[in-house]
Amino acid sequence: MKIILASQSPRRKEILESLGVSFEVEASCTDEYFDPTLPLDKALKNVAYQKAKAIFDQHPDACVIGADTIVAFEGKLYGKPKDLEEARMFLESFSGKIQQVMTGICILYKDKKYCHVDVTDVVFRPLSDQEISDYLQHFNVLDKAGAYGIQDSDFVTEIRGSYTNVVGLGKESMEKMLKEIGGLE
């Protein structure tokens, strides 16, 4: 079975590699329309589906994996920040509080669609302005939902749920889904 990861994320690639899966990477160039009229989990699954479908249309015999990660905090959604100023605002907001990291996964294979959403609570300790400035100066935050990489920061005091979900792809869910479709022994 040919498996394609529809993502440029090096973190998602590493997680999939850790499962021992043979796959190709092909970035999905689609508009990520997040439908605000849908319940959050359905909207997130829909974005993951859009990413997978864009590649599946070109490779209909392949098993295509799409994913999208967002951070939900106090009724707002935080994707990738548009600039460092917005990244600073994200981190200031999360300081000393709990946010939810959500990753929608969609696998398209033959005439089947398998979708799932992982949710992980992430607890931040209080952050000083200097810590935020240092972090923004030393790490690329513009390609990360919520403006932080869990693997790069010491901001987090607790993770309730899947660590790999916060990185960008829940390993446990991915393994279960791939076993269901026969893509993993």
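Each residue, glycine too, has its Cβ placed from N, Cα and C.
Small disclaimer: the values here were computed from a predicted structure and weren't measured.
Cβ-based neighbour count (10 Å, all protein chains) for ASP68 (active site, proton acceptor) stands at 26. Summarising the annotation, TrEMBL assigns active site, proton acceptor to ASP68.
Residues or ranges marked as site 'Important for substrate specificity' in TrEMBL: ARG11 (among others). Around the Cβ of ARG11 (site 'Important for substrate specificity'), a 10 Å sphere holds 19 further Cβ atoms from the protein chains shown.
The Cβ neighbour count for THR69 (site 'Important for substrate specificity'), using a 10 Å radius and every protein chain shown, is 27. Residues annotated as site 'Important for substrate specificity' in TrEMBL: THR69 (among others).
The site 'Important for substrate specificity' annotation in TrEMBL covers GLN151 (among others). Of all the Cβ atoms in the protein chains shown, 12 others lie within 10 Å of the Cβ of GLN151 (site 'Important for substrate specificity').
Here the C-alpha separation of ASP68 (active site, proton acceptor) and GLN151 (site 'Important for substrate specificity') works out to 18 Å.
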